[in-house]
Structure formats: structure tokens, C-alpha cells
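S.K.: Here it is, the structure in full.
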Amino acid sequence: MHKENQPLIFEISKEGRIGYSLPELDVPETDLSGLLPEGLIRKEAAELPEVSELDIMRHYTALSTRNHGVDSGFYPLGSCTMKYNPKVNETVARLSGFANVHPLQEESSVQGAMELMYDLQEHLVEITGMDEVTLQSAAGAHGEWTALMMIRAFHEANGDHNRTKVIIPDSAHGTNPASATVAGLETITVKSDENGLVDIEDLKRVAGEDTAALMLTNPNTLGLFEENILEMAEIVHGVGGKLYYDGANLNAIMSKVRPGDMGFDAVHLNLHKTFTGPHGGGGPGSGPVGVKKELVPFLPKPVLVKKDDVFTFDYDRPKAIGRIKPFYGNFGINVRAYAYIRSMGADGLKLVSEYAVLNANYMMRRLAPHFDLPYDRHCKHEFVLSGRRQKQLGVRTLDIAKRLLDFGFHPPTIYFPLNVEEGMMIEPTETESKETLDAFIDAMIQIAREAEENPEIVQEAPHTTVVSRLDETQAARKPVLKYSRPEKAEPVAVN
Amino acid sequence: MKHRYLPMTESDKKQMLDAIGVESIDELFSDIPEKVRFDRQYDLKPALPETTLVKELSALAGRNADSNSHASFLGAGVYDHYKPIIVDHVISRSEFYTAYTPYQPEFSQGELQAIFEFQSMICELTGMDIANSSMYDGGTSLAEAGMLAAGHTRRKKLLISEAVHPEYRDVVKTYALGQSIQVEEIPLKDGQTDYDALSSMIDGDTAGVLVQYPNFFGQIENIREAAEIAHENKSLFIVSSNPLALAVLTPPGKLGADITVGDAQPFGIPEAFGGPHCGYFAVTKKLMRKVPGRLVGETTDEEGRRGYVLTLQAREQHIRRDKATSNICSNQALNALAASVAMSALGKQGVREMALQNISKTQYAIRAFKEAGYEVLFGGPSFNEFVVKCKEPVADLNGRLLDAGIIGGYHLGLTYPELEGHMLIAVTEQRTKEEIDALVQEMEAIHA
């Protein structure tokens with residue numbers, strides 16, 4: 001275990017060192033004082049580090065060893081689909097004709113990039129069963145907001161100005177209600193029933209003339225398929241609302257059922273989940289939005305169109321909600337997703353969902369004797385255990401999560417969804433082998449036993465990480481959000 | 001079918017089905033109503049083996065003109081800059097790029113510390129107190145700043161300069177529409193924001209004043225004046241800034257900015273046909289609890305060692321849900337890491353040298369165009385962009401420049417009708433004197 005503080009890059013800085021290579025200036029140097037008014041010339045240099053190239057590489061290599069990714073080990077973080085990130089994706093995204101292309105070049109000089117985008121859109125249309133797809137949204141939450149803005153515009157275009165309510169299940173991701181607020185809509189919560197599914201009677205109660213949309217993840221965040229989806233669609237469409245599909249869990253159902261066929265009018269996908277765009281430590285992602293015909297006129301600008309084998313961006317979209325992002329979305333992530341879809345093909349994507357679901361059910365059955373399983377039925381790509389039994393022994397789900405770190409596993413998503421006490425949401429994905437699943441299951445069973453026999457070892461975990469539990473209260477109470485240089489010490493007078 | 005990403009074997013499958021107690025995988029999907037089950041195969045292009053895939057995508061990439069094969073004078077918010085080679089080596093370490101958001105701090109100290117360093121570097125450049133861990137891009141970051149201003153002041157109007165990037169302005173308007181906030185544009189005067197117009201437009205409903213520094217035309221405005229007008233009216237002053245320029249310009253934090261946003265793309269991030277780039281978001285202390293997105297803070301572990309955690313999370317969607325300050329969840333973490341590495345490689349001296357090279361080369365190009373008889377618009381100082389009145393339609397010109405191995409500038413007529421026939425030309429440190437001379441010559445040759 002490392003006992004010392006890991007230095008910040010500022011702390012290894014030494015005056016006069018450089019880590020860059022710029023050519024000599026080949027034109028006369030401009031004198032800033034002749035160009036700018038005195039008040040606009042920077043007086044104190046920005047205190048960026050002064051380090052050599054090797055200093056930088058060692059620093060970040062050290063940081064990387066203090067970080068766990070999918071390539072480091074199993075990462076069954078529920079709802080995040082932490083599957084393998086194929087290396088060929090990284091190679092093709094770095095091709096100069098993709099990486100070094102400017103978004104405002106003449107369209108004739110970027111036809112290859114536009115063709116890739118168009119083809120990806122076509123593939124996503126087929127996978128989701130929608131009529132058109134835009135690649136512009138930068139991430140899942142951005143996609144949610146984009147689609148809600150379109151739904152709102154659709155209602156307003158129909159003179160329906162009072163459709164201001166978005167119905168969201170109590171088990172939904174936090175982005176759903178937040179996106180509704182940002183789109184200027186209000187949230188109504190619909191309850192889950194004793195089977196972990198949307199309570200149909202409650203849905204009937206909350207749906208009405210003010211319903212703009214129902215936002216639904218299916219399978220839901222418990223990993224359960226909302227089998228009453230057709231009845232739900234009927235209820236929502238019956239009152240004039242739209243159905244929105246949160247694609248966070250699409251990995252469970254590819255080739256089995258399509259959002260468009262279930263009655264959804266709009267969908268966002270997380271290309272950084274199902275379609276292997278790497279998570280990058282929190283991003284960048286890509287959150288394309290697919291819609292049915294009625295919503296197409298409201299797609300954000302510009303819309304990519306193909307005419308006589310030539311691709312152009314169409315800005316003449318009078319009903320469009322406007323622009324949601326500069327340029328055309330996170331193209332670099334879209335290239336990776338396209339490479340993945342082309343690697344898998346239709347047969348491959350079908351196996352992806354089948355194996356993701358098989359893996360999750362296998363883990364769920366093997367773990368069920370050792371933990372509480374609040375909803376005992378076939379799950380889809382993920383399942384939620386409850387740590388209630390262990391809590392009675394004084395071991396909380398947080399402790400179990402921290403103890404898993406000692407086994408080299410990233411813990412599941414914990415305390416989510418909110419309707420499960422001491423929840424642990426486990427999503428293995430299809431890229432993990434049975435041996436890996438078994439090793440994780442063994443670790444969980446051992447921790448369950450420790451909770452009974454030796455709870456301290458769980459309560460005091462982690463024991464092997466580079467730091468032990470961190471004081472989050474202190475971090476929030478006295479926020480230190482940036483490096484401060486130590487005050488230069490005055491030379492001590494010597495007599 | 002077997003696939004290199006799918007480790008399942010027939011014997012695994014059998015053992016797992018037995019353990020579950022079902023006969024087939026299909027049984028696990030029996031809860032999907034028959035009526036909606038997808039009963040055919042996806043109609044997709046056939047799967048490709050690895051080598052073929054690379055060939056096919058290389059062919060697509062090969063059909064695009066890029067800033068390696070061409071000398072690019074196109075900017076308008078995205079620039080061809082020096083990208084230290086080390087950047088790609090660091091972000092290719094898969095402990096970084098295959099990790100999720102650092103929700104388990106003991107397992108994510110590397111990422112958390114890297115973000116903390118990013119926040120610190122952005123504060124240094126902008127002169128602000130607090131920076132977050134990144135936003136999608138400069139445009140959505142500016143829009144979020146406008147929403148913050150409206151929420152903070154409880155006012156319903158934003159005044160945005162026409163000298164702000166046209167696409168950024170469009171994004172601000174879309175976000176504003178969602179929250180029923182009015183957006184009015186402050187007109188231009190000689191390529192800069194008309195501060196007299198601002199003075200007469202601002203009123204008790206104005207939540208924020210949004211400007212760009214240097215502005216969309218490359219002009220370096222004296223934004224202190226705008227800050228004073230905003231503050232006299234108790235509106236927030238919001239500045240969208242190219243962070244590279246701040247290496248030599250007085251930072252917005254010293255000129256009265258309450259919020260400074262922008263895109264860190266100039267630091268080691270490829271143009272990538274418009275994204276992913278890296279929005280940044282920085283504020284004064286008093287707005288700390290209003291910031292959208294993730295913040296990393298320093299703390300200690302049980303043994304007193306220094307460590308880093310996500311903090312002040314009560315602002316965020318996963319805690320606050322419909323009351324959150326923003327809906328942002330995924331951000332641009334890996335690109336923030338790229339920018340941090342580039343800012344470290346350039347360092348205190350390099351950012352300044354690079355910014356100065358941009359200014360000097362731009363001044364050289366302005367002189368070259370003037371000497372060739374071109375009208376160069378706007379009287380103020382330029383950072384790395386300027387406006388030239390072309391002697392021919394810009395699209396024709398750009399088409400033929402491409403044949404000469406040059407990516408020409410941005411046609412301003414697309415977004416400023418009064419500037420039809422004008423080109424916004426960017427000159428970064430990447431452009432050599434020869435390339436600048438060649439641009440002027442080629443434009444002349446076409447004209448002749």
C-alpha cells in the first residue's frame with residue numbers, strides 16, 4: 001500500500017523546465033503593448049506546471065495505476081453497461097480523416113465523415129424501430145432533454161399548451177426528472193407495484209389531459225421487463241401523451257424487441273453503454289435520439305440528408321427545436337459505435353443481448369441464497385439485490401461495496417434504484433467470462449459469510465486500496481476544489 | 001457464431017442454463033409480450049472481420065480533407081493546434097479511458113486527482129475561483145451559464161452579444177426556450193459588441209450579459225466596460241473565452257466575470273468533425289453551489305492521507321432529481337484529461353509562447369492581405385482570427401483552395417448576412433510563413 005501522498009503535478013513543477021516543442025517563430029514577433037490596451041495584457045503568468053515530458057508521463061502513469069477500468073478488472077456497475085471497449089474502435093477513431101477534420105469545412109471535403117454518420121443513423125433506425133435518428137446529443141441526459149423539447153414542441157404545435165407533466169416511475173434514473181425540468185416541464189412520479197413494475201392503476205390515475213409524456217426505461221432499473229408495456233402505451237397515448245424510451249438498458253433487448261414496436265415515440269441511446277464507446281472516466285459519451293414520424297419535423301438542426309448519393313446538412317427546418325449543440329454531436333464516439341456495430345452485425349448484436357441476460361440470470365440465481373432478492377423472477381441484463389439481511393448484522397451495503405474492492409472488483413451500483421432498501425444493482429454484461437462471474441460470486445458469498453462471522457473486516461474495508469475510506473463530509477463542508485500554491489516563505493533572518 | 005468480444009462457450013451456456021433452471025435462453029425473454037416481439041433479424045450491413053473493418057473505415061476517412069493533408073485556415077471555434085504527442089499516450093492508458101465516473105473514490109484516485117488538477121489549471125487560466133470537471137462543449141457550457149444566471153437572479157432575460165459564436169448563440173436560445181427565458185442580441189459596432197446598445201437594452205429583467213473574449217471575429221474586446229454595465233444592473237457577467245488566449249490576455253476573472261466558460265479544444269483535443277471537445281465552466285466563489293456538473297474536492301482518508309472525492313453532490317441530478325441545478329451526468333472527462341496533459345506539456349512558458357505565436361502570425365497574415373490589396377475588417381486587436389473581404393464568392397474560393405491543399409476560412413455570410421462575401425481566417429501556430437504567403441497567393445491567383 002502506498003503510504004505517502006501522491007504529488008500533484010503542480011508539486012513536481014520546477015521553474016525553467018519545459019515539456020513542449022514549438023517551432024521557432026518565422027514571422028516578426030508582435031509587441032503586445034503595441035497591440036493591446038494596457039489593461040488587457042496579462043500581468044501575472046498562469047501558474048501551469050513546469051515539467052519535462054518524462055515528468056508528465058510518470059505522473060499520469062502513476063495516476064493511472066491508482067484507477068480501475070474495465071481493462072483492469074470486472075466492473076459490474078448496474079445501468080452503466082461496463083462492457084469491453086474494443087481496441088479497433090480506438091484505432092479507427094484516430095484515423096486522420098476522422099480525427100483532424102473541421103466541422104465547418106466545405107461539405108464536398110467531408111463526404112466520408114457524413115456518409116459514416118448517415119449509415120450509423122440508418123443502423124440505429126433499424127435497431128430501435130424508429131423512423132429517424134439524430135446523432136447530435138452529446139450524452140444520455142442531453143438526449144433526454146432533446147427529445148422532451150421535441151415532444152413539447154409537438155404538443156405546442158397542436159395548440160396543446162397545457163401538456164406540462166412528464167410521468168416518471170419512482171425507479172427512474174435521476175437524469176429523467178432533471179431533464180424534464182430543464183425542458184420546462186414538471187415531473188409526476190408513478191409508483192412501482194409489488195412486482196417492481198409500473199403500477200398500472202397509479203399510471204391511470206396520473207395520466208390525463210396535462211400529460212406531455214411518460215419516460216420509461218425498459219427493462220427498468222430493477223432489470224425487469226415492463227411486461228404491461230402495451231397497456232401502458234395505450235393509457236398514455238389514450239390521453240394524448242407521448243412515450244419516451246430511456247435507452248440506458250437497451251443492451252438487454254437487442255433483436256428481441258424494439259422500442260418503436262413497443263409503442264415508444266422517442267428514444268435516446270447511450271452509445272457509450274450498449275455500443276462500446278468507452279466511458280472515459282465519465283465521458284465523453286454520445287446520446288443519439290430516434291423519433292417516430294410525427295416528431296421528425298421537430299428534430300434539432302441541422303438534419304443530415306442524402307440526395308443523389310451526396311450528403312448535406314439541412315438547416316431549413318422551420319419546426320426544428322433549434323440547435324442543441326455546436327456542430328454535429330460527438331462524432332469521435334459515433335465512429336467508435338459504428339465500428340462496433342459493423343464488427344458485430346445482426347447475429348452478433350442478438351448474441352450480445354442473449355449473453356448479457358444469461359450472465360445476469362446466472363449470477364442472480366447463484367447469489368440469491370446469500371442475499372435478499374426483492375423481485376424473484378427472470379431478470380434481463382441486470383438485477384438488484386438487497387443488503388437488508390446483512391444490515392441486520394451491522395454490515396451495510398456500502399461496506400459490502402468497499403470490501404469488494406479488496407478482491408479487485410469494482411462494486412455494483414449501490415443504493416439505487418431508490419425503491420430497494422440497501423440496493424445493489426449488478427450488471428455483468430456479455431463480454432465477461434463464466435470464470436470471472438464465478439470469481440465475483442465467490443467473493444460475494446465470502447463477504448456474506450464474513451458479515452456473519454467477522455463483520456469488522458467488512459465494516460473496515462477496503463484494506464488494500466491506495467487510500468482507505470475518504471472523508472466526504474469534510475470535503476463538502478470545507479470545499480478545497482483547486483490547488484493553492486504554498487505561500488512563499490520569507491527568508492528567516494539569521495541574526 | 002463465435003466472436004472475439006463474446007467469451008461464452010457451449011459448455012458455459014449449458015452449465016449456466018442448468019444453474020438457472022431453464023432449458024433455453026429464449027425462456028429468459030418469455031416476459032416480452034408475444035405481440036411486440038421482434039420476429040426477424042435486424043437488417044444491417046454484414047459483420048466485418050477486423051482487417052476489413054479497418055480498410056473500410058480507412059477508405060471513408062480517406063475521402064475527407066484533413067488538417068494533416070491540408071494547411072487549415074479554418075477556425076470559428078475549432079482550431080488546428082499543436083497537439084503534444086504525449087497527450088494521446090496518456091489518454092490511451094486504459095485505466096483512464098475504460099473507467100466510469102469515479103463513484104468509488106478508493107478505486108478511482110487517479111481520475112479524481114487528474115480532474116482536480118484540470119479544475120486548478122482552468123482556474124489559473126481564467127482567473128476564476130472554482131472550475132468544474134467539464135461540460136459537453138463551449139456552446140452548451142455557455143447555455144448552462146445563462147440558465148444559472150436566470151436561476152440565481154430570478155430574472156428572465158439574457159442579453160447576448162452578436163459577436164458570440166453563432167452556433168453557441170443558437171444553443172443558448174434552445175436552452176432558454178425550454179426554461180421560458182427571453183434572449184435578446186446586443187448588436188455589433190465595428191466587429192465588437194456595441195456597449196452603448198447594451199447600456200440601453202439592459203434592465204431589471206436582465207439576468208445575465210453574455211460576451212465572447214476574444215470574440216467570434218477574433219477581436220479582443222475591452223470587456224471590463226461590459227462587466228461594469230452588467231454589475232450596475234445586478235446582472236451576472238458571463239464570458240465565453242478561448243482558454244489559449246488567456247495565456248496572454250488579462251483573464252476574465254480579473255475583468256469582472258462572474259462566470260467564465262469556453263472550450264478547451266485548443267489544448268490537445270482533435271477537431272474530430274466538431275466533437276467530442278471539452279467545455280469548461282468556472283465561477284466566482286459566491287456561485288459555488290449553483291455550478292452544474294461534477295466537482296472534485298480534496299479530503300483525507302482514515303489515516304490522514306490526502307485523497308480526492310466527488311463533492312457538493314447535492315446540486316446534482318442523481319441526488320436532487322427534478323430540483324438539480326442541471327441535468328448533466330456524463331461530461332467530457334477523458335478530454336479534460338487530454339487538455340490537462342496538453343496544459344502540463346505546454347506549461348507556464350509554452351502556453352504563453354503558443355498564444356504569442358498565434359498573435360504574431362495573425363498580424364503577419366493581416367499585413368500580407370492588406371499588402372495584396374484586401375480590405376481587412378474591424379479596427380480592434382486580433383487574437384488568431386480576422387475578417388477579409390473576398391474578391392469572389394467564398395464557397396467557390398474555398399473549393400479551389402482545397403485543390404491547392406488549403407482549407408480556407410469560414411464564410412461569414414452563412415450566419416451574418418451583412419458579411420456576405422467575407423471570410424473569417426484563423427492563423428494558429430501550426431501555420432508557417434510559407435503557408436500564409438501561399439494562402440494569399442492562391443486567393444490572388446484564383447482572382448487573377
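The chain as shown is numbered from 1 upward.
Positions of Cβ are set from backbone N, Cα and C atoms, glycine also.
Annotated domain 'Glycine dehydrogenase C-terminal' per TrEMBL: A:353-454, in sequence order. Residues or ranges marked as N6-(pyridoxal phosphate)lysine in TrEMBL: A:K273.
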S.K.: What are the helix, strand and coil residue counts for the domain 'Glycine dehydrogenase C-terminal' (A:353-454) according to DSSP?
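M.R.: The counts are 49 helix, 11 strand, 42 coil.
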S.K.: For A:K273 (N6-(pyridoxal phosphate)lysine), which of the three DSSP-derived states applies: helix, strand, or coil?
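M.R.: Reduced to three states, the DSSP call for A:K273 (N6-(pyridoxal phosphate)lysine) is coil.
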S.K.: Counting every protein chain present, what is the number of Cβ atoms, excluding its own, within 10 Å of the Cβ of A:K273 (N6-(pyridoxal phosphate)lysine)?
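M.R.: Taking every protein chain into account, the count is 26.
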S.K.: Give the mean pLDDT for the domain 'Glycine dehydrogenase C-terminal' (A:353-454) on the 0 to 100 scale.
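M.R.: The answer is 97, the mean pLDDT of the model over that range.
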